[in-house]
Amino acid sequence: MLAACSGGSGKPPPPPPPPPPPPPPPEYNTAEYRANPGLAEINALSAYDAGLTGNGITVALLDSGVDDQHPDLIDNIHPASKDFGGNDGALFDDTVYDTEQYPYIVTGLIHGTMTAGIVAASRNDQGMHGVAPEAQILALRMDLPGVADWGGKEINLPATPAAIDHAIANNARVLLVEWSFWDDTANQYAGTDHQIDPSFFVDSDLITPIRDAFQRAIDAGMLIVIPSGNEFGSAPTAFISKLGLSEENKNSVIVVGSVDRNQVIFDRSNKAGYAQDYFLVAPSQVYTTLPSRGVGEGRPDWGGTSNGTSFAAPHVAGAAALLMEAFPTLTAREIAEILFDSARDLGATGTDDIYGFGMIDLNAALQPTGAVASANIKGQVVQPADAMMLASPAFGDAFEKMDSISRVLVLDAYKRAYGVNMTRQISSQSSSINIQSRLNGIQQAGWTSLRLGQDSALSFSYRMPQWGKHDLIGRPYLWDNPAAGSARNVSVSFRQAVNTSTEILAFSGWGGQNLTMFRDTQTSQSLSGMSPYQNSFFSLYDTARGFGFQFQHQENFSYGLTTSVHSNNNRYQDDWDSASRLLTPLPETISTDMEPLRANAAAHSIEANAAWHTNNTVLRLALGTMREKDSFLGTVSTGAFTPGKTAQTIFSSLTSKLDFGTDWSVTASYQIGLSDLSVPSDGFITDMSRIRSDAYSARLTKSNLWSSFDTLSVAVSRPLAVTGGTLTADLPTGQDFISRTLTFETVTERLSPAHRETNYELLYTLTDTSSAFKVSGNLLYQHNPGNRPGNSKAVLVTAGWIF
């Protein structure tokens, strides 16, 4: 009862609060990012802006212990990380050693933590972050317990094959080798003053098992990243670096040297030498993670600087992880090849024995390689660069607002999938107001009709070209242009009476004026370009030529038939007169390519009409068909956006004019069309439903308002717009990870614009027939011009002479 009563009275509930605004896009150029200058040097920001973090990628790290409790690493240590050094399973040695007694111990204790940080330190608003801040580090701890005789750390070399097999078993995609594997050939490449003590060489009986283990990793699809070493050498000193020399291991091994801030190779860094065909360089003067325990205990930021090839190689391993996340279908070999091909060339042009391919560059690595292409659902190649559309105002922004075509996938030479917003290749013919065009289109226009005899009449109108100067009343200075006096956009209509009931008509000219009904074109011209006398379907094209017959049946009834061709070949316009077009110029990015297509578009129409008229009334019904070639409702397209090479439109119109009262008249027109397209089979579009479109206009006119020579009109109109119809397309929106082929989604989009243009206009004309002087004024308000959201308004007053 209480609930029932409470619903009938009292204040209404408050409206729900508005939804919160969307969060701003993330900012990746942070203090944490800038803390490690190596990130900027390899252009990592491009990867972060693309949303890449290394998520889902495991990088195996063959090194000394990693501080798995470090704030920057704790979330990114793979749970299968393992101790292979016999340290009771601990991943890190947190013993506080006497560094004065063991001066070489520090490097061995902190090395693994530092390299892990460069690869995958978390983005957590403290310290620094790694190249791939969400990658997983599979820590393979190789250092033995305690301190070696020489005062540092040694690794458990015999456990190396087991550690590598563990990385294979846990699906590591990258193996970062941060320990030197020297044999008796190492000193061939080490600097003369930096020869390696043979006691550090790998025992000969371990060389083959270790090499075989690395080969198993390569065969399993892992990318091997190896520092070149710091022996001031001419080539890498580790014997495993030579694995990349064999053809079977091509692009499976990357050896990395180090460069300074000026991208000059460090003197201590071993150069490319024999490994130049799989050698890169990367930054090594970096800030990275230091242990938070043991020797690092008490440091507030748990970070520090370092240099050497050991800290260059993690940049490459992290970059590979980002690319593997971005392009999960690629193999390790292809990732390496992309890193090689996109490297910033340093030193001698091309690959050389110092820098190899050059400096790693993530921004370049993320760009498509070679020509990009897509495909339709039939497997036919589709070139996105060839897919363009110039939509007529009848469609407004319907095509550009289609969300589905904003995420079409294309493939590059590596079959990497890239999302392309193909709505950027769609443009619309604008119908926004251009006052200068109206000056040329309205003021610089003329009309006349000549009787050639009792049975013949010739009518024609014209537009004068755009001149550079006008005086106050708008007459051009004829001497300012050598072409002055040359008319353009001439329209001619010829009528010849065959007998008392039959007329032959022929016409050629511009625009969509209906030449078979209303012969008086000296009425006020609309600033919006829309009038009840206009055939909106014919107006989709610049020009029309045709002929017809008109038959008078009894006193008040007539009927007729006309046929015409329509085109956009600018036959009546020179280039310098292009500003007189009613449409604003096409966007620069698309006009060059689309204008030839628009010029090639053409249409043929047949219209039958019947009219009933009395002294004060005209009622006209027309039915026709228009067949378009290389266009549909005035829209031209090419490539994957081509919904049809031909279109057939059936249209009808009802137009009426009523004179009433004293010098009052009202004119109205409604037009409707149904269009069918023939859909080709070589694009994305697979079906177009029947398209419905319509237009209407109405005008109320008072003649002899203040004098016997003036008229005042109030007009409202809605230009031609699509009101129904759908487009169906099979769009490539995904990729099969195994076959790397595109997968498709069937989408259906509506073709009608969400906003309809409506024009409200006040028109006034004063014409002195004795002097041929004319003054006209237009006040126009447009709502959603061009069938796009927005408003515009214009006021135009013109004065001039007509003939």
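Glycine residues also receive a Cβ, built from the backbone N, Cα and C atoms like all the rest.
Here is what TrEMBL says about this protein:
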REGION    1-29  region 'Disordered'
COMPBIAS  11-27  compositional bias 'Pro residues'
DOMAIN    54-358  domain 'Peptidase S8/S53'
ACT_SITE  Asp63  active site, charge relay system
ACT_SITE  His111  active site, charge relay system
ACT_SITE  Ser310  active site, charge relay system
**Complete:** Rounded Cα distance in angstrom between Ser310 (active site, charge relay system) and Asp63 (active site, charge relay system) is 10
**Message:** Can you tell me the CA-to-CA distance separating Asp63 (active site, charge relay system) and His111 (active site, charge relay system), as a whole number of Å?
**Reply:** 7
**Complete:** Note: in the chain of His111 (active site, charge relay system), residues six or more apart in sequence with C-beta under 8 angstroms of its C-beta are Asp63, Ser64, Glu178, Ser310
**Prompt:** For Ser310 (active site, charge relay system), what is the tally of other C-beta atoms lying within 10 angstroms of its C-beta?
**Reply:** 26
**Message:** Around the C-beta of Asp63 (active site, charge relay system), how many further C-beta atoms are within 10 angstroms, looking at every protein chain?
**Reply:** 26
**Request:** Could you please provide the mean pLDDT value for the domain 'Peptidase S8/S53' (54-358)?
**Result:** 92
**Message:** I want to verify one value. Collapsing DSSP to three states, which class is His111 (active site, charge relay system)?
**Reply:** helix
